[in-house]
Amino acid sequence: MKPIYKDILGSISRGEKLLAVLIDPDKMNFDKVSNFIEKVNRSVATHIFVGGSTVDENMTSTLVEEIKKHTKVPVVLFPGDITQITSKADAILFLSLISGRNPEYLIGKHITSISKLKETDLDIISTGYVLIESGAETAVERVTRTEPLSRTNIQYIVDTAQAGELLGMKLIYLEAGSGAKVPVSEEIISRVNKVLNIPLIVGGGIKTKKQLENAYNSGADLVVIGTAFEKDESFFDELKK
Ligand code: 1GP
């Protein structure tokens with residue numbers, strides 16, 4: 001097993017900021033994988049996340065296998081469903097949607113996934129997944145049938161994240177939803193960061209270098225970007241400047 005979580009802690013202790021490129025198997029054209037991954041290899045990205053809210057069975061496994069042929073960047077599963085678990089990746093975010101009250105996404109799917117996970121050598125990283133409202137309904141909301149947390153009730157978001165840490169989760173992920181109109185605010189990131197002793201991931205709707213820097217400066221340890229790279233691959237170069 002590759003110690004992905006340990007490496008994340010190591011990077012953070014050296015003051016490094018991490019960037020994950022999110023690849024949604026549902027949106028990635030298989031013929032374009034090698035070209036896209038070459039760009040990732042030359043970019044400042046430190047991780048590749050693979051996952052989506054609606055992905056056909058077995059698609060993830062084939063895609064991860066192809067990605068792995070072209071890169072040494074760690075591949076972390078960010079699964080929307082059990083069918084997205086594959087031994088071909090290095091790690092998995094074992095996500096519990098702690099902002100929601102749907103038992104399936106809090107613990108149900110996790111139990112069903114055990115037999116599959118036992119057959120893999122993935123670094124399993126327990127992650128408190130916190131969905132925050134972002135102006136319009138997102139796919140995560142629709143698929144999980146959960147309400148996102150209000151952007152204005154920041155104390156409740158902070159307490160949710162802290163409860164996740166106290167339950168033993170190893171990461172907290174503040175999510176505005178893929179393609180979100182508005183990313184998670186700097187104030188939310190900063191207030192959550194103040195109470196946490198575990199790494200903080202932030203994603204959803206980040207599409208400019210400025211927004212990325214703001215998230216880092218507010219306390220995000222790892223930022224996830226998907227849509228901005230999907231729409232315009234020159235964004236990889238933009239981030240190097
Ligand atoms: C979604 O946080 C990720 O789960 C990334 O969102 O596609 O908006 O970058 P974007």
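Just so it is clear, glycine is given a Cβ too, placed from its N, Cα and C backbone atoms.
All annotation found in TrEMBL is predicted automatically rather than curated by experts.
Listed in TrEMBL for this protein:
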- Asp24, Ser53: Mg(2+) binding site (BINDING)
- Tyr173, Leu174, Glu175, Ala176, Gly177, Ser178, Gly179, Gly204, Gly205, Gly226, Thr227: sn-glycerol 1-phosphate binding site (BINDING)
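Everything TrEMBL records as a feature, shown here on the structure.
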residue	record	contacts (Cβ under 8 Å, 6+ apart)
Asp24	Mg(2+) binding site	Val50, Gly51, Gly52, Val55, Ser178, Gly226, Glu230
Ser53	Mg(2+) binding site	Gly80, Ala139, Val140, Arg142, Val143, Ser178
Tyr173	sn-glycerol 1-phosphate binding site	Leu93, Leu95, Thr127, Gly128, Tyr129, Val130, Ile201, Val202, Gly203, Val224
Glu175	sn-glycerol 1-phosphate binding site	Tyr129, Val130, Leu131, Ile132, Val140, Val184, Gly203, Gly204
Gly177	sn-glycerol 1-phosphate binding site	Leu131, Ser134, Thr138, Ala139, Val140, Glu141, Pro148, Gly204, Gly205
Gly179	sn-glycerol 1-phosphate binding site	Thr138, Gly204, Gly205, Thr227
For Tyr173 (sn-glycerol 1-phosphate binding site), the three-state class that DSSP assigns: strand
Per DSSP, three-state class assigned to Asp24 (Mg(2+) binding site): coil
Least Cβ-crowded entry, counting other Cβ within 10 Å, from the binding-site residues listed as Gly205, Thr227: Thr227
Conformational class of Ser53 (Mg(2+) binding site) under the three-state DSSP mapping: coil
Close-lying binding-site residues around ligand 1 among Asp24, Ser53, Tyr173, Gly179, Gly205, where CB distance stays under 6 Å: Gly179, Gly205
